[in-house]
């Protein structure tokens, strides 16, 4: 079989390095016996080229087996999407739209947008089955710099801000039962959020098994919390308590074009996580069938849960009560559960703690992968000697998250997060459209109608541009400046391979303090 020429290979495990970047022509079967690699190229030149390797090569030291079936795929999507959002966002959405009817339409539209976005991701994920989601797609469609910018922004902004938002929500709910009807002081909430980050960091640094067990137990708890809310709401509706649902208030709406975009941010924050399955495509059994199926089952399921929860909230509380409450689910519990009201804040704290744990778990892996490819400091790809956890990456993330907790509020962080995230979601849609033309014959086991990525691209452009036009905030400027600052780092440190003379000493010191070593797959320089 004819193989394409590659740039010369350095000592690396299954990928050629060019200017500090791993050259991603390689797929899972990179270490073929003849040392050549399958490449993702236009099928005209080589129609027999198979994109999807059956599995990793048997002698590969890092061996990912395909273990995620359909049920696990759906569970992963549902478990990561339902985080703190549904317990916090409903009030933010109502404040920004001023109308029950419009807020319902936005909840459903967010679900639809997530579903369309995820289906487009399913094509990208089955076309390029290496894990890493956007990083891998940007590399294929646009080359090194955009892919580097994604890993730069994800590790330094997106994942830590996600963690900070979830831990602040955790703190709000944890403190709520101890301060009767008044607002808990800000300093106390921030202190509890920082303690939460430190606890999760300890769990994740201690052992991988402990982190995954925490995740499983807490996912069950969050589904129980949603069941309590839905059953309570159903009970109230049966009693005939529908007056808040009969006033959609379209006329009284305060929504403007920019307002609707930021309301979308609040709603989409609750749905975030719809692309998480794409980070583990290497481990999905039969991905061309199970990836789209998990998405088609998982996301409508979450949308249905969210619709029922919103109806339940309004069956128990008035619109003004919901907009005044920072912790909607707790107010709901106080109203309905009587002496058992403490169950609600407990269930939500467990749910948010579980989400934060999952976020750090994924973030540590992303940081680990990016630095292993020469995109971040070497030390971040090192692993603890005895526990085999990527401790430096986890600690690095937690420090940034703590800084964000101390400096921001939930709403400003959600806007900042969504603004940055949707720039990259839009970029992934553009990558799909570009590759339809640049790689028309690359194998696509699952193909999405071209109108879907175009639609999502238009919406994501609107979500990024509208809030800036409507109400310019410094945060948006900071976010854009930060993304572009990545290029300043990329050129000298990644492209030219420049390294600071004292970095080695710092790396050795940190290695001794943290007891970490490079992994067997770290590139030799």
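Glycine is no exception: its Cβ is also placed from the backbone N, Cα and C atoms.
The range from 68-88, 320-340 that TrEMBL describes as transmembrane segment is residues 68-88. For the transmembrane segment (291-316), the residues of the chain that approach it from at least six positions outside its boundaries are 70, 73-74, 76-78, 81-82, 86, 90, 100, 103-104, 107-108, 111-112, 114-115, 118-119, 121-122, 125-126, 226, 229-230, 232-234, 236-237, 241-242, 244-245, 270-271, 274, 277-278, 281, 284, 322, 328, 332, 335-336, 446, judged by C-beta separation under 8 angstroms. Counting Cβ pairs under 8 Å that are 6 or more residues apart, the transmembrane segment (416-438) and the transmembrane segment (68-88) reach fewer than 3 and are not in contact.
Between the transmembrane segment (220-238) and the stretches 68-88, 100-122, 388-410, 450-469, 475-493, the greatest number of Cβ pairs separated by less than 8 Å involves 68-88.
Sequence-remote contacts of a segment are chain residues at least 6 beyond its ends whose Cβ falls under 8 Å from one of its Cβ atoms, and for the transmembrane segment (68-88) they are 114, 165-166, 169-170, 172-173, 215, 219, 222-223, 225-226, 269-274, 276-277, 280, 283-285, 290-291, 293-295, 297-299, 301-302, 305-306, 309, 326-329, 348, 351-352, 354-355, 358, 410.
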